[in-house]
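Take a look at this one; I'll ask things after.
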Amino acid sequence: MSNIITVTQQTFKSTVVESDLPVLVDFWAQWCQPCLRMNPTLEELAEEMDGRAVVAKVNVDEERALAAMFQVMSIPALMVFKDGKKVAELTGLQQKGTLVEKLESLA
């Protein structure tokens, strides 16, 4: 079972903005090969950081308004939110260690 939360326009505020924990949001699409290659890394990250951070995904094809709101120009785009504000942004494939470090610095 996945610890990754799927976020939509309707759930973004409650899942990301109002979270007491840091939230890593992965903006992705089904046709994006690098995005698909990130999935195992994000699954491991979600399990490892359970209770200390939230890992969420936004499908840019289904949630165009969210992608536009955060000016997502290329994917995978990974954004870290803390206390409702975007505090970091990474684009492209990322190593798990980089993501753990980023989230632990905010946890």
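Placement of Cβ uses the backbone N, Cα and C atoms for every residue, glycine included.
According to TrEMBL:
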ACT_SITE  Cys32  active site, nucleophile
ACT_SITE  Cys35  active site, nucleophile
DISULFID  Cys32-Cys35  disulfide bond
DOMAIN    1-107  domain 'Thioredoxin'
SITE      Asp26  site 'Deprotonates C-terminal active site Cys'
SITE      Gln33  site 'Contributes to redox potential value'
SITE      Pro34  site 'Contributes to redox potential value'
Between the Cα atoms of Pro34 (site 'Contributes to redox potential value') and Asp26 (site 'Deprotonates C-terminal active site Cys'), what distance do you get, rounded to the nearest Å?
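About 12 Å separates the two Cα atoms.
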I need the least crowded one of these active-site residues (Cys32, Cys35), counting other C-beta atoms within 10 angstroms of each C-beta.
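Among the active-site residues Cys32, Cys35, the lowest count of other Cβ atoms within 10 Å belongs to Cys32.
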Please give the average pLDDT for the domain 'Thioredoxin' (1-107) in this predicted model.
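Mean pLDDT for the domain 'Thioredoxin' (1-107): 95.
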Cα distance, Asp26 (site 'Deprotonates C-terminal active site Cys') to Gln33 (site 'Contributes to redox potential value'), nearest Å?
14
